[in-house]
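Feature annotations, reproduced from TrEMBL:
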SIGNAL    1-35  signal peptide
DOMAIN    36-332  domain 'Plant heme peroxidase family profile'
DISULFID  46-126  disulfide bond
SITE      73  site 'Transition state stabilizer'
ACT_SITE  77  active site, proton acceptor
BINDING   78, 81, 83, 85, 87, 99  Ca(2+) 1 binding site
DISULFID  79-84  disulfide bond
DISULFID  132-328  disulfide bond
BINDING   174  substrate binding site
BINDING   204  heme b binding site
BINDING   205, 255, 260  Ca(2+) 2 binding site
DISULFID  211-237  disulfide bond
């Protein structure tokens, strides 16, 4: 065999270096892939996790149907504050203040105990495996199904935060009096489109709101509210701010406990209970989407499901970030 010249050695050397780099890249991307969300994340480590959560949530909603709306809202309020990391479930501690006391959540966010109960049942079969963030994400899907709403594939593998962010909750969660441009901007900041925003707002086809959130609207006598609708809402919501502020009214009057597209039909009739609902159909850029959903329930359901998946992708903690809490209300 002929002796190897310098160029041959260089070629072989380069080949070995290149192969090593490729191996490093493979290892890197494998690790990255393993740290992404997947609907099959618990298939081997806790195969009965989803069915356990489903059973727990369905049982709870059968006792109080309104809880379906509360659980969907809880997932939304979690994801919009530093991502879907169950930070909203943490109680006050010596090192941080709970998000439960932030203005958008105080005395209104509900369902914490249902998530805690579902998590406890999962802990019995798979200790320290399934995150509270994933329990909440699955609970939102099961809540939708329990009231005849759409289903979607829940991606899993989120981990739990080790602190709460009440200040971020106060600044990042949409308000009930915000205008359309502000709402579009808020959702856009989370990677969600205006269409996603309208679809997700359709969750207000179920659930209820407290008087203080719509008092100004029903007594305003403005052109963007149906006069007879406003009068009917006043019976349970006095004008005086010292009276009835926590009284409840359904966000959608026709079928308040069923997931359908009547919410959008109401907006076209100027019967949106919250100002932040009615601005979706007020001569602005989202009017056409509201109109479409009011006529096409299947399109609304499909878009809602897709938007819930995208919302569930907001800044999840994965891999070695965060932790798996044993109890959702406290850092492990």
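Glycine residues also receive a Cβ, built from the backbone N, Cα and C atoms like all the rest.
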Of 46, 84, 126, 174, 204, i.e. the recorded positions, those within 10 Å of the residue listed as 'active site, proton acceptor' when Cα atoms are compared: 84, 174
Fewest other Cβ within 10 angstroms of its own Cβ, chosen from the disulfide-bonded residues 46, 79: 46
Closest of 46, 73, 99, 174 to residue 204 (heme b binding site), Cα positions, recorded positions only: 73
Using Cα positions only, nearest of the recorded positions to residue 174 (substrate binding site) (79, 83, 99): 79
Candidate with sparsest Cβ neighbourhood (10 Å radius) among 87, 205, 255, the listed binding-site residues: 255
Separation of alpha carbons, residue 79 (disulfide bond) and residue 99 (Ca(2+) 1 binding site) (Å): 12
Ca(2+) 1 site, defined by 78, 81, 83, 85, 87, 99: further same-chain residues with Cβ within 8 Å of the Cβ centre: 77, 79, 80, 82, 84, 86, 88, 161, 164, 165, 168, 169
Shell of the Ca(2+) 2 site beyond 205, 255, 260, same chain only (C-beta within 8 angstroms of their C-beta centre): 206, 252, 254, 256, 258, 259, 261, 262, 263
C-alpha spacing of residue 79 (disulfide bond) relative to residue 255 (Ca(2+) 2 binding site), in angstrom: 27
Rounded Cα separation (Å) that holds between residue 87 (Ca(2+) 1 binding site) and residue 205 (Ca(2+) 2 binding site): 26
Average pLDDT across the domain 'Plant heme peroxidase family profile' (36-332), rounded to a whole number: 97
Neighbour count (Cβ, 10 Å) for residue 85 (Ca(2+) 1 binding site): 29
